[in-house]
Amino acid sequence: MQTLALPKLSRAQGDITIPGSKSLSNRILLLAALCSGKTTVSNLLDSDDIRHMLTALKQLGVSYQLSEDRTECIVDGLNGPLASGQIETLFLGNAGTAMRPLAAALCIGSGEFELTGEDRMFERPIGDLITAMQPLGIDVEYLKDPGFPPLKIKAKQLTAKPISIDGSISSQFLTAVLMAAPLLKQEITIEVEGELVSKPYIDITLNVMKQFGVEVDNQNYQRFVLDGKQQYRSPGSILVEGDASSASYFLAAGAIGGGPVKVHGTGTASVQGDTRFAEVLEKMGATVTWSENWIEVSAKGPLKAVDLDLNHIPDAAMTIAVAALFAEGTTTIRNIYNWRVKETDRIEAMATELRKLGATVDDGHDYISVTPPASVKGAAIDTYNDHRIAMCFSLAAFATDGVVINDPGCTAKTFPDYFERFSQITE
Ligand SMILES: O=C(O)C1=C[C@@H](OP(=O)(O)O)[C@@H](O)[C@H](O)C1
Ligand SMILES: C=C(OP(=O)(O)O)C(=O)O
């Protein structure tokens, strides 16, 4: 296993342009494949999650041309559903944004497909999505544990029926049904049961669908109605915004390490909910300046602890758990049960690693509370093949020397050169 020893950091300052958004890249690629016409996608993220989507689309007969640096892609739309003449096995790594949307779209295609991935993917639920689509007449078999990938899908002609979907574990299930729904070419109503988690990701979905010509009637996130006449049309060209979750590490560095750190690529014009991470830093006492497409953060004295429901920014909220090491008092992050079903059990993993640094941590079913120690200890941080654990613990190097990140290469899921970029704004 590779390890990365981080030097003790005393200052963060500078400008950084973050790579394209994972959530937008994979949604845009899928809709560019389904729509009529050619789409030029720019500022595409080049990371494992996007490579899995691109490889799957190629196997499904979608043709595209990628630029040498893989950040520009011209996709020839199929003008209809995905299809295959043979049983196609698609390996989707641990990319939720590939597995869930492709599963729903393939049910409405033609052919037979096996959807598989890394071992952790076999522990990440998909049952609420499959159950929701059953009334349409889908044919899906669980190849291992019921409710989890791997899956075998036999696509067939489906009939639109009103469906209801449990939104309390992952918003990606609703995203998947919404993006697949226009392929039915019939009016459909989708009712949400339970509390819808990670709501801002639905805004991203509706925004991208609209750019591809399909409007959804969103009735207060409880009910979504699509009329049957709309079809995906290419917008011609489309720009992927910078990734707001990836921005969180740099913005937090500005709050902890003096700043100013200016992050380009996301701002008030962004469709990503994770831009609201900067509001949390503001509540912790940092100075935040916003523009349409950049955010700048600097420190204004020591950070203060916060006690907040961060269900709306589940990914960036992990960065707050580490920023808590630098805040006076106990920081509590609430309503984050679904951290437990992501790349690893993130509540458990964050608690374990923060304790190694000397923090007092209280963790429960859906929350984590972090009280910093008088002096943070050096530690080797295990990363559980979770890119975000590797990235957010880089901030601990502002507190102590002796922070080692085990398996730093796991950032490849969304940000392959993260540590190089982090070193450019820190010293
Ligand atoms: O739709 C998306 O692009 C995502 C939704 C969120 O997942 P949940 O809805 O499962 O919380 C988020 O954590 C994930 O990284 C990306
Ligand atoms: C939860 C995440 O990924 P996924 O898209 O695989 O759900 C994440 O990137 O933090």
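Just so you know, glycine gets a Cβ as well, placed from its N, Cα and C.
Listed in TrEMBL for this protein:
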- D315: active site, proton acceptor (ACT_SITE)
- K22, G96, R124, Q172, R346, R388, K413: phosphoenolpyruvate binding site (BINDING)
- K22, S23, R27, S170, S171, Q172, S198, D315, N338, K342: 3-phosphoshikimate binding site (BINDING)
- 10-421: domain 'Enolpyruvate transferase' (DOMAIN)
Filtered recorded positions, from G96, R124, S171, D315, R388, whose Cβ is under 6 Å from an atom of ligand 2: G96, D315, R388
Binding-site residues near ligand 1 among S171, S198, N338, R388, K413 (Cβ under 6 Å): S171, S198, N338
Which same-chain residues, if any, lie at least 6 apart from R346 (phosphoenolpyruvate binding site) yet have Cβ under 8 Å of it: M318, I336, W339, R340, D386, R388, I389
Cα within 10 Å of Q172 (phosphoenolpyruvate binding site) - qualifying recorded positions among R27, S198, D315, N338: S198
Per-region confidence, the domain 'Enolpyruvate transferase' (10-421) (mean pLDDT, whole number): 98
Where K413 (phosphoenolpyruvate binding site) falls in three-state DSSP terms: helix
DSSP state at S198 (3-phosphoshikimate binding site), helix/strand/coil: coil
Candidate recorded positions K22, G96, R124, D315, K413, pick with smallest Cα gap to S198 (3-phosphoshikimate binding site): D315
Cβ-Cβ distance under 8 Å to R124 (phosphoenolpyruvate binding site), same chain, at least six residues away: N94, G96, M99, F148, P149, V341, K342
Rounded to the nearest Å - Cα separation of S171 (3-phosphoshikimate binding site) and D315 (active site, proton acceptor): 13
Cβ contacts of the residue listed as 'active site, proton acceptor' (under 8 Å, same chain, 6 or more positions away): S245, S248, D274, R388
